[in-house]
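Annotated transmembrane segment per TrEMBL: 212-234, 241-263, 269-287, 308-330, 370-392, 461-480, 486-504, 516-535, 547-570, in sequence order.
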Amino acid sequence: MMNNDTVNNHAVNNNTVNNHAVNNHAVQSNHHPVIEITNCKDEIVPLTITPGNFLITPAEDNDYQNDTEIPDRELIIVEQERRLLYTISENPPFHMCILFGIQHLLTSISSSMSISLLVAEVVCAKDDDVIKTKILSTTMLISGISTFLMSTFGVRLPIYQGPCIPYIIPLLAMASFKGMECTNYAKDSNLDVINGTAGNATLTEDIIYDKIGALSGSLIAAGILHFLIGLTGLVGTITRYLGPITIAPAMTLVAMSFYTIAVSFSEKHWGVAAVTTITGIILALYLNGRNSPLPAYNKKRGFHIKWYPVHTVFSILISIAVGWILSAILTVTGAMSDDEEHGHHYARTDSRNEIIYNSPWFYLPYPGQFGGVSFSVAAFISFFVGTLMSVVDSIGDYNATSRVCCVPPPPPHAVNRGIFVEGVMSLFAGTTGACHATVSFGGNIGAIGVTKVASRRTFQVLALLYVIFALVLKVSAFFITIPYPVLGGTLILSFGIFIGLILSNLQFVDLNSTRNLAIVGLAILLGLMLPYWSAQNQNGIQTGNAYVDNVILMLISNGGFIGGFVAFVLDNTVPGTLKERGLLVAKEHELDATIFEEGFEVYELPWIPNCIKNSRIYKYVPIFSKRKEG
């Protein structure tokens, strides 16, 4: 019997409860479920829900209205389709959180690997496995701490913070700067000292540490400016002029830059990459809205079949497993070449197992692990431009995340708080020698759209997993052995959806306006043209000053910066109404609550006492809400 029980619509979706009473059952739901009672003859008797207290009463057959039990009948609760399986504030079971966290980790770990390897190349440590291991561990630690702080104290959206494109482009540009080249790599037989030349200098470990120190000091300086932009509320002011017409082309160009990374991973074996992507598409798109049968057990019902969309929520994890198994089959059957110079080397499942054996069990990254810091003007300018791009990137990602999580766009104080946390972590990353900051990662936003799991708790678990992997290198080394084409197939799926989310920002602008179409088109075209020209003409800028040449070359090499700058200037100078530009933001009381799963409460910090919230000083701090609590 289930008299006076609370029926949670999330738990009982599509379940049938036999011979239960329906007297005064409370229904907790964001949606009004459609409830029917059927008797053994399959005659349907619809039920209604009273809006005030959600009491279930039969709309017909009033003889049963006050009965404590309805004999020979079934209570079937058919819920209207939820847009999310778990909303931001909902917490899945702990074991599910672990699996969701691993899924997001596998989506993003390729970025940590590629960035750490890129940093090693920039500082001329390409052949030093010890330094590469330290940089990778530092990258994962910074990512874990940043993700936890962002989802818990920052903007409080489910966002993974990791090394991303806004800092890849400056690093790539710096690698070609005059005086930063690394030439004539040669490694001695003891693998302890790297010898080579950069100008007239001999590359030893000390010189590598000097390069890391110059990048670290410059990143610290840029990080200070980064968190001041958030703490002072400047970013909130910027958002008044930074609309969809600026964000859409800038973020599209940034996201499109990932095609080079996706190609570099996928080209090792296009067949495995295609199978991985197609598996994810089938599970996430073609089978979306369907449930899979799962064996379950409890004391009341014993063994039974439970219907759950497991193929959707774990679509990325399953596609990675399928791609990994396919790579293993091709490896065992000899279908892949075992030549280390062949592209199949990184597609095999046995080619990098030595990483597991050679990695130390534990390592704790710490500030100053690579020695002291110095300062480089060129590196500072590069990082500062990366900081500006990361701010635009973050604003776009916050809005994309709010859309995929079915919550209102973040208010200014939440955006300020998010940028503030990013800046603090940029500063901390500089002290540890990571040589890059952390930015919101678009691939995981796309993964939320695929899996329909937007729980904040999932990303807190993801952060914990990254910290564990940073400290226990044997564990992280296992995941590093994932075949490259499997990672490439995952990037194709997640970033494809992310680019779609970015372009959805244009729905708020008037696409019938010639003004808007011209601005977006020019921004994207110039954002593609100038980087292409700079790549073909590395010595095309000749001002007579090496620093100025490097800075200009780095700026025009950044398609996202060029596209965003052009769109921002044109959007704020060419005449147009706020409505036409998509800058009319609905106020909180004007938002249509029916299109959101949750409201502005998801952005509030729940641990601040009301006495502080109601104080006079509190309202002048831009990173806190201006709402007063009674």
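Count begins at 1; order follows the chain as displayed.
Using N, Cα and C of the backbone, Cβ positions are placed for all residues, glycine too.
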If contact means at least 3 Cβ pairs within less than 8 Å, sequence distance 6 or more, would you call the transmembrane segment (308-330) and the transmembrane segment (241-263) in contact?
no
Can you work out which residues elsewhere in the same chain, 6+ from the ends of the transmembrane segment (486-504), have a Cβ less than 8 Å from its Cβ atoms?
106-107, 109-110, 247-248, 251-252, 255-256, 258, 261-268, 272-277, 280-281, 284, 316, 319-320, 323-324, 327, 396, 400, 403-404, 442-447, 449-450
Out of 212-234, 241-263, 269-287, which stretch touches the transmembrane segment (516-535) the most, going by CB pairs under 8 Å?
241-263
Given pairs 6 or more apart, does the transmembrane segment (547-570) have at least three Cβ pairs under 8 Å with the transmembrane segment (241-263)?
yes
Given a Cβ distance threshold of under 8 angstroms, which distant residues of the chain, six or more beyond its ends, lie next to the transmembrane segment (269-287)?
311-312, 315-316, 318-320, 322-323, 326-327, 330, 336, 343-344, 347, 450-451, 483-486, 488-490, 492-493
